[in-house]
């Protein structure tokens with residue numbers, strides 16, 4: 001599943017490529033992809049003649065702020081124009097966007113297509129079809145419609161995410177620290193890859209009970225999380241299967257991982273063999289010598 005760095009990579013690509021993209025036509029190829037409104041024609045009608053004004057990210061969610069366009073001669077930019085709600089996207093396991101100039105026939109796993117007046121297309125492709133989209137108008141609350149969005153913990157790059165916060169939320173937790181990092185209500189956007197890599201960087205065993213981790217270790221863990229995420233974003237995220245950026249390129253961070261998917265290989269620090277075991281149903285990779 002795309003995690004924070006992959007979703008941020010997509011966000012940056014969308015922001016760069018779709019500057020002043022006005023949606024003139026929407027085609028839904030798989031209706032189950034649209035989670036809200038339940039009336040799919042309302043989704044299409046709501047997005048038509050909307051300018052994708054700004055792309056944001058919250059955890060693993062992409063959020064496009066929309067502006068209403070009265071006619072084709074409307075002057076850009078539209079800072080003071082009326083808002084037209086939000087287009088929210090969760091890529092889930094295999095979803096990704098592709099920008100296509102002079103649109104061609106859709107490929108097999110195309111789920112939703114957005115066109116501008118010049119027939120340029122923003123195409124959403126999803127092999128396993130777990131991804132979802134929402135169009136939410138200004139009269140409704142994003143957090144109420146999308147329950148997962150409203151329950152997210154702080155962003156790893158935010159001031160709210162620090163050692164004091166971590167100490168408070170884990171003080172009575174008997175869960176493993178790996179399970180804590182995967183909990184989106186505690187910290188948003190971290191998944192299996194970056195939990196493993198961050199714990200390795202911090203020298204903390206993924207099996208440690210969260211409440212046993214000391215303040216100085218949490219300081220290092222927070223710093224490791226930020227460093228690992230920034231490094232991955234700089235490499236365009238990680239591709240092990242389906243993830244692609246807007247240009248169809250793979251992410252390159254997978255070539256730099258220290259433990260993730262390196263089972264049986266030598267630790268880059270100590271030479272000990274990397275091991276793998278499941279925690280809460282998720283494959284976990286670690287170095288038994290470097291992580292305590």
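Backbone N, Cα and C define each Cβ position, glycine as well.
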Residue in 90, 109 which Swiss-Prot records at the DNA site where 128, 173 also bind: 109
Cα-Cα distance linking residue 2 (active site, schiff-base intermediate with DNA) and residue 109 (DNA binding site), given in Å to the nearest integer: 17
Average model confidence [pLDDT] within the zinc finger (258-292): 97
C-beta crowding around residue 109 (DNA binding site), within 10 angstroms: 17
Integer Å distance between the CA atoms belonging to residue 128 (DNA binding site) and residue 2 (active site, schiff-base intermediate with DNA): 13
